[in-house]
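Feature annotations, reproduced from TrEMBL:
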ACT_SITE  Asp243  active site, proton donor
BINDING   Arg53, Gly54, Ala55, Arg90, Gln202, Asn253, Lys254  substrate binding site
SITE      Cys163  site 'Transition state stabilizer'
Amino acid sequence: MILQGEYTRSIMRTQDGKGARILDQRQLPWEVRWVELRDMEAAAIAIREMWTRGAPMVGATAAYGLAMALAEDPSDESLLAARDYLFHTRPTAVNLRWALDEVAKTVGPLPPAERAQAAFARADAICDEDVELCRAIGESGLQLLRDLHARHPDRPINILTHCNAGWLATVDYGTATAPIYLAHDEGIPVHVWVDETRPRNQGALLTAFELRNHGVPHTVIADNAGGLLMMQGKVDAVIVGTDRVTANGDVCNKIGTYLKALAAHDNDVPFYVALPYTTFDADTPSGDAIPIEERAGEELTQATGPAGDGTITTIRLTQSPAANPAFDVTPARLVTAYITEKGVLDRIGD
Ligand SMILES: CSC[C@H]1O[C@H](OP(=O)(O)O)[C@H](O)[C@@H]1O
């Protein structure tokens, strides 16, 4: 379990069993605010507005959202409409489609009266499985960090990561961070270069929050600093998460990941992608077919944070229009290996 206050998970069913409890990640690191989602619309808003985010978390939240929709109306029409509505909250993370399909396959053959309970149970199971998958990813990646430590016993291992693929992005442990947490807990000295990850700063706000709370040494850096650090020999490996890996091994992840992969390739730094099977999309042949989410330009042109007087303020960073693609695609040729629950794989999907 990674430090998560009174809970051991980033999402769980509410105590009355009728909703989902999540962290409102927009308030982190300034406030740890838990919120209860009580209907499908609340789950859709939480995903679309990124109260909660990260591929496995998007899938888990949508699964509970579908269960809540069926609790209100378990008809076939409701099932189809709710699945479609939740599916269109965010286009890129394949876990969203996977989780909705899992719940739909579970409840479809059932009489309407049994659907809500079965949907909630399947959502619970998706969360339980995600914890085990991420822990296993941690075990797989731990050996890589043990090997790096054996090669450099006299100094910390320096890992660069992009965005947040931590326990906040999953139900627990994270994907990219899971090996880091396990290595740190085993006593291997690890230091993490944390890409701030503009424009929503998931690295500076969320990954830094996680690592700080777990006592893992880390340094926040500008997104554009990683290439220099690699050129200077200050990065032993890059480990990132992903929102979708296609049949040929292409990796869709937060915007800026591809540039890190290019810098890693140019400096002979191993570039690892951590993912559970729920993020592998065998149905999409290659990365050019992945829908890339375009988010509002205001995420780029405005900055929100504490004003210092206890209030949260927003400032404008430019008067000009902005384009804001939220993801990019790293070709499989730039990936050293995939860290999965089945081990570290040179190729994926075979
Ligand atoms: C373990 S999935 C983490 C993945 O999701 C993030 O995207 P977002 O914050 O927009 O949901 C980012 O791509 C992370 O690598």
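Cβ atoms here come from the backbone N, Cα and C positions, even for glycine.
Just so you know, TrEMBL annotations are computer predictions that nobody has curated.
Feature annotations (TrEMBL) mapped to structure.
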| residue | record | CB count, 10 Å |
| --- | --- | --- |
| Arg53 | substrate binding site | 25 |
| Gly54 | substrate binding site | 30 |
| Ala55 | substrate binding site | 30 |
| Arg90 | substrate binding site | 21 |
| Cys163 | site 'Transition state stabilizer' | 30 |
| Gln202 | substrate binding site | 27 |
| Asp243 | active site, proton donor | 31 |
| Asn253 | substrate binding site | 29 |
| Lys254 | substrate binding site | 28 |
Q) Cα-Cα separation of Ala55 (substrate binding site) and Asp243 (active site, proton donor), in Å? A) 5
Q. Relative to the Cα of Cys163 (site 'Transition state stabilizer'), which of the recorded positions Arg53, Arg90, Asp243, Lys254 have a Cα no more than 10 Å away?
A. Lys254
Q.
Rounded to a whole angstrom, what is the C-alpha distance between Gln202 (substrate binding site) and Asp243 (active site, proton donor)?
A. 14
Q: Work out how many Å separate Lys254 (substrate binding site) and the residue listed as 'active site, proton donor' at their Cα atoms, rounded off.
A: 8
Q: For the recorded substrate site, enumerate neighbouring residues of the same chain (Cβ within 8 Å of the Cβ centroid of Arg53, Gly54, Ala55, Arg90, Gln202, Asn253, Lys254, site residues themselves excluded), in sequence order.
A: Val58, Thr92, Ala93, Cys163, Asn164, Ala165, Ala169, Gly241, Asp243, Ala326, Phe327
Q. In Å, how large is the greatest distance between any two Cα atoms among Arg53, Gly54, Ala55, Arg90, Gln202, Asn253, Lys254, the listed binders of substrate?
A. 17
